[in-house]
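Visitor: Pasting a structure below so you can have a look.
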Amino acid sequence: MKFSLLALSAMLLAIPTLAFAQDDHGHEHDKADLPTEGVAVLASTSGSKVKGVILLKQEDGYVQLTGKVINLEPGEHGFHIHQFGDLTKGDGTAAGGHYNPAGHEHGAPGKTSHAGDLGNITADENGDAVIDTKAEGVKLHMILGRSLVVHAKADDLKSQPSGAAGPRVGVGVIGIAQPK
């Protein structure tokens, strides 16, 4: 019994030391270490030739998205952050619906719509769309591993649940970018 109590006491005294040692391994951890830059490389879905690269940058209260999408039909196309980064289905539907953590209805970008509602992008006569938009109220770390999706048609900004923007023509997973 004496040995058991002695062993138990030694173990209890060692626990705080072990907990300290777990975090003392040569570098500091801080919430400020959250990524501030992301990237999504868009690939075409079945029957599409859409490609693109979108850069994402955490700003104060929003994420700035910039980049270019090519091989679109000229005109407007719905552009959204979708729930999952799952690209296992050729038509892009494994990406799920729009990212919507607050449970809002679909609409124009803003505080009362899905967090993933980014509105429309416009492709010129060559099928190229320059991206320069904001995801308001979103933090980059919240959307890492989710996807950016470009749709075949314009988002009407009102139809539920997703704006009647048609099939998905380009999808890409949002990942952490190497800081510049």
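Every residue gets a Cβ built from N, Cα and C, even glycine.
Okay, these came from TrEMBL:
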- 1-21: signal peptide (SIGNAL)
- 50-174: domain 'Superoxide dismutase copper/zinc binding' (DOMAIN)
- 93-115: region 'Disordered' (REGION)
Visitor: What are the DSSP helix/strand/coil residue counts across the domain 'Superoxide dismutase copper/zinc binding' (50-174)?
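Guide: Summed by class, the stretch gives 7 helix, 53 strand, 65 coil.
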Visitor: Averaging the per-residue pLDDT over the domain 'Superoxide dismutase copper/zinc binding' (50-174), what integer do you get?
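Guide: Value for the domain 'Superoxide dismutase copper/zinc binding' (50-174), mean pLDDT as a whole number: 88.
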